[in-house]
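The transmembrane segment annotation in TrEMBL covers 12-31, 43-63, 98-117, 129-147, 159-179, 191-214.
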């Protein structure tokens, strides 16, 4: 997606591309203070984000004409990691089965889109929207469970609560931008740039929230 922005907002793409440094630095800094499963999964998620950003930067450096294929791979991988987090922190067997079923749907839709659906040179609008709906639903289920758990007195210190807030904001916002991108690109580059700008700003915000969630795992 960088190809549509570099000539107009080069500073925004650079900040977004390297914003993974914030949560990654926090994760490395507290590596001796936190050994929880949540910390490990969040750190894995951040490492995957870092790898995706570096691969994206490499494709731009090599002068390839399009790198949307990265999103087609990243979307199901992101869903599997975040889904694993909610699976581990959900007590209900029914919810766990629902999470597994939902992740299979995301994986199936992503594979279908790559093979028979949207071109790898287009934004993966439909798979990302499905993934966003699934992840937002998981976050809302966690909110429901937290509201009925008397142990959660101060939710702002709960890393899962912070993560869930970030997921709702990020996934809802990017789902809208992704769903509009291909149509916007057909209309004009300027309209497409607006969609990507929204995604990049949300990337920065979400990675700051990831850093906050990681930092809170040291106290749990």
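From the backbone N, Cα and C atoms, a Cβ is placed for every residue, glycine too.
Unlike curated records, TrEMBL annotations are generated automatically.
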Interface present between the transmembrane segment (12-31) and the transmembrane segment (43-63) (three or more C-beta pairs under 8 A): yes
Tertiary contacts of the transmembrane segment (191-214), as residues 6+ beyond its ends and Cβ separation under 8 Å: 1, 4-5, 8-9, 12-13, 15-16, 19-20, 22-23, 25-27, 30, 34, 39, 42-43, 45-46, 49, 159-160, 162-163, 165-167, 169-170, 173-174, 176-178, 180-181, 184-185
Cβ-Cβ under 8 Å with the transmembrane segment (129-147): same-chain residues at least 6 beyond its ends: 75-76, 78-79, 82-83, 86, 89-92, 95, 99, 102-103, 105-106, 109-110, 155, 158, 160-161, 163-165, 167-168, 171-172, 174-175, 178-179
